[in-house]
Amino acid sequence: MAHRFPALTQEQKKELSEIAQSIVANGKGILAADESVGTMGNRLQRIKVENTEENRRQFREILFSVDSSINQSIGGVILFHETLYQKDSQGKLFRNILKEKGIVVGIKLDQGGAPLAGTNKETTIQGLDGLSERCAQYKKDGVDFGKWRAVLRIADQCPSSLAIQENANALARYASICQQNGLVPIVEPEVIPDGDHDLEHCQYVTEKVLAAVYKALNDHHVYLEGTLLKPNMVTAGHACTKKYTPEQVAMATVTALHRTVPAAVPGICFLSGGMSEEDATLNLNAINLCPLPKPWKLSFSYGRALQASALAAWGGKAANKEATQEAFMKRAMANCQAAKGQYVHTGSSGAASTQSLFTACYTY
């Protein structure tokens, strides 16, 4: 017998729904700037810049101090704990700089993977202990949404039913705790692109994963109108020899979503999954042009695919601030256009934008 004990008040629901809708309004998407210290170090190493707190702060200051018109393309920014409390050169908190631009501030809440014994190297995600207290403090500090990434991979006997169910339940528990504390949960079940599987295999697995996630969200009384989904696009594995067009990726992706994601969800913000900047934009554009019913906003939550050209332009030099901001603005505007199905590839995007950003077994 199902009993009804309201999880949220009408006021809480209204606030959550308004936050979620504002993030994805009018083609806006999310900048994922929540890389851990180690992951940011890998990015800096590629441009031969030392991984110090000051260098990380300087790069993020350049991104966040971009012209206020960025709020036409970026509705939210996900921060790492370190970045939430960092300041610009004048002593102003980054989070306040973003808020003054009308951008919603988010925070990475998961604490990385832990092995699932008895599986083929599968993992679940840590971070539920003390999560409510962390969410409450972050809300006081100006944060309005959270992010939790669960990782599933396609391999021999993977993903297992155990991994799918365990990660779905962890995502649902996280989402419930977020909402109790006034944070919109971004639910991120990522089927990573490692492997040589084809498009059809990825679609099958993605559908199974998303179906389990939404069953778990329902079980945990999560208010869907106050959530956002951050899934992988349906793509072939990175090592697959067969290549697919953006239109094929779009059809497989929207079909999978149409079969599994309730229309109550206000927005779906895709992760880029190691695609080049340009491929991530072209695929998003094709998804928005796909001739299937699309009751949700279909947008982006990109990290590498919004920052690669900007990092290359910066190179660790303060003198390159203007070029760095220009590169970032260009990618943000391109993805905003793609989120409306209006992006036109010009062929003049620059070398950095066409390089694959794939990293095997990628972790934030």
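Cβ atoms are placed via backbone N, Cα and C, with glycine included.
Noted from Swiss-Prot: of THR119, THR123, THR346, the annotation phosphothreonine belongs to THR119. In Swiss-Prot, the beta-D-fructose 1,6-bisphosphate site is described by ARG43, SER272, GLY273, GLY274, and among ARG4, ARG60, ARG95, ARG304 the residue recorded at this site is ARG304. In summary, of the candidate residues SER17, SER276, the record from Swiss-Prot lists phosphoserine for SER276, whereas the others have no such entry there. Of the residues THR39, THR281, THR354, Swiss-Prot records the annotation phosphothreonine for THR39. Cα spacing between LYS230 (active site, schiff-base intermediate with dihydroxyacetone-P) and GLY273 (beta-D-fructose 1,6-bisphosphate binding site): 11 Å, rounded to the nearest whole number.
The record assigns ARG43, SER272, GLY273, GLY274, ARG304 to the beta-D-fructose 1,6-bisphosphate binding site, and the maximum Cα to Cα distance across that set is 16 Å.
Counting neighbouring Cβ atoms within 10 Å of each of the modified residues (THR119, SER276), the lowest count belongs to THR119.
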